[in-house]
């Protein structure tokens, strides 16, 4: 008998009616859970607040150091959200224990978001404890829910819990440390968390999780990921509206408003017009749903979300200082955000259809080349150029897809 079998035998000593005590917390087989539930949507509101906190922190002081810290926070926020989404994909979110879990995670999430702007100052420990509480408590709940369910899934969550417990020690130790060491320890914590799925949460003595152990609903994960993109775009709209109102008397604000709104709409179009549905179809139809979902959503959506957040910060700069000559610091957000976004959507479309969207390659190339113009043009011109380049990408892809469909017909 393998070591893993011994662990399973120890954790499943009883059969019969007791199995029903916890397995009814799980999503029922053959149940259509494609649509996000109301408890999940309610949970997402915490991340609206968290993204606003992050965006405003960046807008207040966009130095290279602050930008690096923001990248760390984007990795952390995305990881805690996508892990929660995976767990909710397996559980029945309409029953009370699972709803109570979501409400508990919401509370920890609010505390985490409150601490976020000062996480590298006086609130590091609060941020670390709240983040770790979300990760570990959710994983322990899933472990308990699967205790009388599928043994392979139970062991997968046993491994995940072990990995998240290790990463939490780095988070909390970092929260107790001085800022320079805190950065290092929190980076180590994120490396641990992001490495886990790639090595299938290998644990000494019991090894790695078998492939495709979790009975996930790929279409549900696709919708949830798309909703997070909507959250990020919504935060962008809030930023545009707030800072347009704050700068109404500044000459050039109406033009920057138009180009900022155009940029945001085009990001929506590039993601949703074709790519999101293709990703959902791929996740639903593949013979390897768990692996495909990791490529498309767990890792693939991170640059999409990060790109939208940085684009919002760049739009804020352009609205606040439309006629100021560009700087490379600001351009990291103004041009780097759309580059990240296009890279992420290109990856998603490549994985889901095995066709490389050359329009995205062209757009990334133009945006990268635009860095050479930064010191010579004003912020509003950089914003306008970004909007025009994304428009070219969107029109190119639209025409190319229309041609492909005609050819296929």
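The backbone N, Cα and C atoms fix where each Cβ goes, glycine too.
Sequence-distant neighbours of the transmembrane segment (62-82) (same chain, 6+ residues past either end, Cβ-Cβ under 8 Å): 47, 50-51, 54, 109, 112, 116, 119-120, 131, 134-135, 183, 186-187, 190, 193-194, 225, 228, 297-298, 301-302, 305-306, 309-310, 313, 317, 329-330, 332-333. Residues or ranges marked as transmembrane segment in Swiss-Prot: 62-82 (among others).
Sequence annotations record features per position, and here Swiss-Prot assigns transmembrane segment to 100-120 (among others).
If you look up Swiss-Prot, you'll see 123-143 (among others) marked as transmembrane segment.
Under the heading transmembrane segment, Swiss-Prot lists 152-172 (among others).
Remote same-chain residues near the transmembrane segment (183-203) are listed as 68-69, 72, 75-76, 79, 120, 128, 135, 156, 158-160, 162-164, 166-168, 170-171, 173-174, 177, 209-211, 294, 298 (criterion: CB distance under 8 Å, separation of at least six residues from the stretch ends). What Swiss-Prot records for 183-203 (among others) is transmembrane segment, and it gives sequence analysis as the kind of evidence.
If you look up Swiss-Prot, you'll see 252-272 (among others) marked as transmembrane segment.
Remote same-chain partners of the transmembrane segment (293-313), defined as residues 6 or more beyond its termini with a Cβ less than 8 Å from a stretch Cβ, comprise 51, 54-55, 58-59, 62, 70-71, 74-75, 78, 82, 86, 197, 216, 218, 221-222, 225, 228-229, 232-233, 235-236, 239-240, 263-264, 267, 271, 279, 282-283, 332-334, 336-345, 347-348, 351-352, 386. The transmembrane segment annotation in Swiss-Prot covers 293-313 (among others).
Residues annotated as transmembrane segment in Swiss-Prot, with sequence analysis given as evidence: 328-348 (among others).
With a threshold of 8 Å between CB atoms, the same-chain residues lying at least 6 positions outside the transmembrane segment (355-375) that come near it are 270, 325-328, 331, 335, 338-339, 342-343, 345-346, 349, 382, 385-386, 389-390, 392-394, 396-397, 400. What Swiss-Prot lists as transmembrane segment is 355-375 (among others).
Residues annotated as transmembrane segment in Swiss-Prot, with sequence analysis given as evidence: 376-396 (among others). With a threshold of 8 Å between CB atoms, the same-chain residues lying at least 6 positions outside the transmembrane segment (376-396) that come near it are 252, 255-256, 259-260, 262-263, 266-267, 269-270, 273, 311, 314-315, 317-318, 321-326, 330-331, 334-335, 338, 342, 358-360, 362-363, 366-367, 370.
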Do any residues of this chain, six or more beyond the ends of the transmembrane segment (328-348), have a C-beta under 8 angstroms from a C-beta of it, and if so which?
58, 62-64, 67, 263, 267, 270-271, 275, 279, 296, 300-315, 317-318, 356-357, 360-361, 363-364, 367-368, 370-371, 374-375, 379, 382-383, 386, 389-390, 393
